[in-house]
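The next block holds one structure in the form of C-alpha cells; read it before the comments.
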Amino acid sequence: MAERSNSEEVKLLGMWASPFSRRIEIALTLKGVSYEFLEQDITNKSSLLLQLNPVHKMIPVLVHNGKPISESLVILEYIDETWRDNPILPQDPYERTMARFWSKFVDEQIYVTAMKVVGKTGKERDAVVEATRDLLMFLEKELVGKDFLGGKSLGFVDIVATLVAFWLMRTEEIVGVKVVPVEKFPEIHRWVKNLLGNDVIKKCIPPEDEHLKYIRARMEKLNIKSA
C-alpha cells in the first residue's frame, strides 16, 4: 500500500493555480498518499514557507514527517522513491535518465521561453512564439506512436509537462495567440485528450473557468493586456 504507516505526516505547501504545485498533487494522488494541503499566498509569503524553504522561498514544499523538500522535480523523485506503488519513473537506468532530461527540458527551455509570450507584442511576440514552437516540436516527435510521454501510461514527464497541456494552452487563450495550433501539433493535442481521460489528472488540474479568471487578473495586475 502507498501509505506505509498510520503515523506518517505529509503536508504540501502550494498554490492552487501553480503548475509546479499541481504536479506534486498529481503524483501524491496517483500514489494514493493522503496529505494536507496548505494554500500559500505567493504575493505575501508566510513565515512557515520562509522557514521551510529559506533558500528559494518558493512553493511547492513537501513536508514528510517534519522534513521539508523543495523544488518540484526533486519532490517528484522523492515521492517516487518513498512510495513505490504506481511508479512514475521508469525502472531502466537509461529511460530514467531520459525522463529526467525531458523534464528539465520542459521546465528550463519550454516554460522559460513560452512565458515570454506574455507581455510581448508585434515582431517580438512573433519571435517568441516561433522559438516556443521550435521547442515544442521536440515533444511532438517524442509523442509519435505513444499514448503518453512516459509510454503507455502516465509518467514523470507527463506530470511535469502538464504545464504545457493546461497552463500554456490556457494562457494562449488569454493572450490571443495560438502557440500550439492543432494543425502543427496534432500529437500534442492527442496527448492532451489522453491526459483529460485520466481520472487523477482531471481531479488535480485547476477548474478552467476559475483558472482563466486568475490568469486574466494576474495579467491586469501586471498591466499586461489580454485578448
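Just so it is clear, glycine is given a Cβ too, placed from its N, Cα and C backbone atoms.
Here is what Swiss-Prot records for this protein:
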DOMAIN    8-87  domain 'GST N-terminal'
BINDING   Ser18, Pro19, Asn44, Lys45, Met58, Ile59, Glu71, Ser72  glutathione binding site
DOMAIN    92-215  domain 'GST C-terminal'
Binding-site residues compared (Asn44, Ser72) - highest count of Cβ atoms within 10 Å: Ser72
Neighbour-count leader, CB within 10 A, binding-site residues: Met58, Ile59: Ile59
DSSP three-state assignment for Ser72 (glutathione binding site): helix
Neighbouring C-beta atoms (10 Å sphere around the C-beta of Pro19 (glutathione binding site)): 21
Fewest other Cβ within 10 angstroms of its own Cβ, chosen from the binding-site residues Ser18, Lys45, Glu71: Lys45
Across the domain 'GST C-terminal' (92-215), average pLDDT on the 0 to 100 scale: 95
